[in-house]
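Step one of this worksheet: look at the structure below.
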Amino acid sequence: MTEDKTSFDERLRAAQTRVAGKPPETEQPDREDKSILALAARAGSEMLGGLVVGVLVGWGLDRWLHFRALFLVLFALAGGCAGIMNVWRLVKPPDINGKES
Amino acid sequence: MASGSSIDVLGQFELHPVLGGLGEAIRLSQSPVYMVIACALVLAFMFYGMKPASVVPGRFQAAAEICYEFVRNLAVDTIGPEGTSFFPFIFALFFFILAGNYLGLVPHSFTFTSHIAVTFALAIMVFVLSIIVSLKVQGLKFFAHFMPAGAPVALAPLLVPIEILSFLSRPVSLSIRLFANMVAGHVMFDIFASFVIMLAGLGFIGDVLAVGPIAINIALIGLELLVGVLQAYVFAILTCIYLREAVAH
């Protein structure tokens, strides 16, 4: 009987932490694997995305303001920087993250 | 498919009217038809999985519960307690993309996630939602995120445009990732399948050699099953990450 009671208390505590939004520790290794795979799938397109947006914005501004290629050059560079910054945000160690925010 | 000796790998992504004269009249192509099939499959799965509603679940109910809990944990762990209110949206998004990716692996079917119009529409939906939530939760403080904290003010003319571009690149990278993965996978299937047809024209030695591309295609099916679920997962988790940033103060 007493064993039943403790196991119920344990389950109740587990359920309460789950509702409070804190995951139980046991699930961690599996989740970690999945997110590393997800990280690898993300990195390349994050960099490409920045460049594509930079080129599109630059091309649009040139068309609108009748410049030849001034904004295209500037925004392609800025877009490339944004892409590299996206990848850096993705892979930077968590302690730097903690310090910054 | 290979016609003669040329390889037309992109023909499989072309849209054609379906369902005969009716489809012609209302300009119905395969893409929306497969979207409806995907929605129907997901709904049927959840409906019949939940129907027994027994305390000790059967296999089908257990599968439905695992799917529910997987996405729920994803949403609540990533976003926090506020994640529960976004959970239905993320659940629908994840299973719509997953069903689309997997339906595309059925022979003679069509992959609607291989069109950038579809993936970009999904991504822009997520992007607009995250902006609306940000503006609602943070108000005008939302715009302060475009200037990184602690950076010297003199660098603002350089940093602010880069931050804005980085923010705008989100829907683009989200949609390009899903679309490019799906297109690349299906193009590879088509290339190796057309190798088989070309080798078949060589007689006996070709028949023997054709085993190679067939084996590669079987392995590719396994890879595509992984890519299909991984891309749906990445789409869902990025939606969660963007929403977490939106609800954070």
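Each residue, glycine too, has its Cβ placed from N, Cα and C.
Those TrEMBL annotations? Automatic predictions, nothing curated.
These features come from TrEMBL:
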type	residues	note
TRANSMEM	B:33-50	transmembrane segment
TRANSMEM	B:86-104	transmembrane segment
TRANSMEM	B:116-137	transmembrane segment
TRANSMEM	B:143-166	transmembrane segment
TRANSMEM	B:178-202	transmembrane segment
TRANSMEM	B:214-243	transmembrane segment
Tertiary contacts of the transmembrane segment (B:33-50), as residues 6+ beyond its ends and Cβ separation under 8 Å: 18-19, 60-61, 63-65, 67-68, 95-96, 99-100, 103-104, 109-112, 118
Contacting positions for the transmembrane segment (B:116-137) when only residues 6+ beyond its ends and CB under 8 Å are counted: 31, 35, 89, 93, 96-97, 100, 170-172, 174-176, 178-179, 235, 238-239, 242-243, 245-247, 249
Same-chain residues at least 6 beyond the ends of the transmembrane segment (B:143-166) whose Cβ lies under 8 Å from its Cβ atoms: none
Residues from the same chain, set at least six apart from the ends of the transmembrane segment (B:178-202), whose C-beta lies under 8 A from its own: 1-2, 5, 7, 9-10, 12-13, 97, 101, 104, 111, 113-116, 118-120, 122, 209-210, 213-214, 216-217, 220, 223-224, 227, 231, 234-235
